[in-house]
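These features come from TrEMBL:
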- 40-289: domain 'G-protein coupled receptors family 1 profile' (DOMAIN)
- 22-47: transmembrane segment (TRANSMEM)
- 59-81: transmembrane segment (TRANSMEM)
- 101-119: transmembrane segment (TRANSMEM)
- 139-163: transmembrane segment (TRANSMEM)
- 196-224: transmembrane segment (TRANSMEM)
- 236-259: transmembrane segment (TRANSMEM)
- 271-291: transmembrane segment (TRANSMEM)
Amino acid sequence: MGANQTSITEFLLLGFPVGPRIQMLLFGLFSLFYFFTLLGNGTILGLISLDSRLHTPMYFFLSHLAVVDIAYACNTVPQMLVNLLHPAKPISFAGCMTQMFLFLSFAHTECLLLVLMSYDRYVAICHPLRYSTIMTWRVCITLALTSWTLGVLLALVHLMLLLSLSFCGPQKVNHFFCEITAVLKLACVDTHINEVMVLAGVLSVLVGPFFSIVISYVHILCAILKIQSGEGRQKAFSICSSHLCVAGFFYGTAIIMYVEPQYESPKEQKKYLLLFHSLFNPMLNPLIYSLRNKEVQGVLKRMLVKERTS
């Protein structure tokens with residue numbers, strides 16, 4: 001990050017263009033959401049680690065999703081809360097690059113984890129007799145590590161390309177965190193290669209995985225409709241609908257932000273969509289899984305009863 005790379009040493013995040021009173025209201029509201037995000041995902045992690053009945057591939061991938069959601073929130077929300085209290089406080093160049101790198105790493109990893117979760121459900125419902133031989137612990141661990149590795153490597157490519165640019169002003173980022181497309185607009189050199197790589201990244205970790213999930217669920221739906229037992233069909237629908245809701249929220253907002261042409265939606269609208277994507281999504285995920293999943297509900301009730309009786 002030497003002087004030959006940039007003449008800017010810090011950025012100013014513009015955040016949300018609202019008055020001081022609204023800023024304080026948003027600070028309280030976002031702090032509450034942040035607390036519930038950490039509490040909900042932390043509870044999911046605790047339940048999965050403490051109860052052996054949840055030591056299955058599906059909950060193994062869910063625990064990784066909870067870790068990503070916690071990391072998502074911890075990467076962007078604290079800086080956003082600081083900006084609401086001190087709007088003129090800048091973020092350093094190194095801090096901005098680090099925040100962007102971590103956000104991209106977690107976003108890529110979550111995309112791939114959601115694909116793995118859909119594949120796990122596909123094997124469980126379409127090939128139930130072969131499930132234990134296909135989804136072994138060795139396979140699950142390898143798939144999870146691959147998702148994390150690819151997520152970090154793809155983010156590293158974007159970071160290296162961004163660090164090769166020169167930033168000579170203005171230093172105001174029109175966002176509540178260092179989002180890559182918002183930072184690219186501040187470069188004073190040609191960013192065509194960076195934009196092409198962003199598009200390539202979107203196609204490889206967003207559009208591609210989204211269609212693979214759709215294909216998986218087409219096969220899953222056909223298999224569920226063939227189930228003779230009404231109870232078995234309902235259980236399969238319940239388990240799959242939880243993952244489908246989470247994937248729908250995640251990919252829905254991401255596709256609108258990065259796939260839709262830039263002129264279709266105002267910048268402010270996409271900023272609020274990304275707020276939903278990075279703050280509300282991680283908070284909703286544990287609620288969706290806990291409220292719609294009877295196994296998680298049962299473990300939570302047993303834990304609470306055990307705590308009261310001890």
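The backbone N, Cα and C atoms fix where each Cβ goes, glycine too.
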Go through the chain and flag residues at least 6 beyond the ends of the transmembrane segment (59-81) whose CB is under 8 A from any CB in it; none is fine as an answer.
13, 15, 27, 30-31, 33-34, 37-38, 41-42, 44-45, 48-49, 91, 99, 102-103, 106-107, 109-110, 113-114, 116-117, 120, 140, 144, 147-148, 176-177, 246, 278-279, 281-283, 285-286, 289
On the 0 to 100 pLDDT scale, where does the domain 'G-protein coupled receptors family 1 profile' (40-289) sit on average?
86
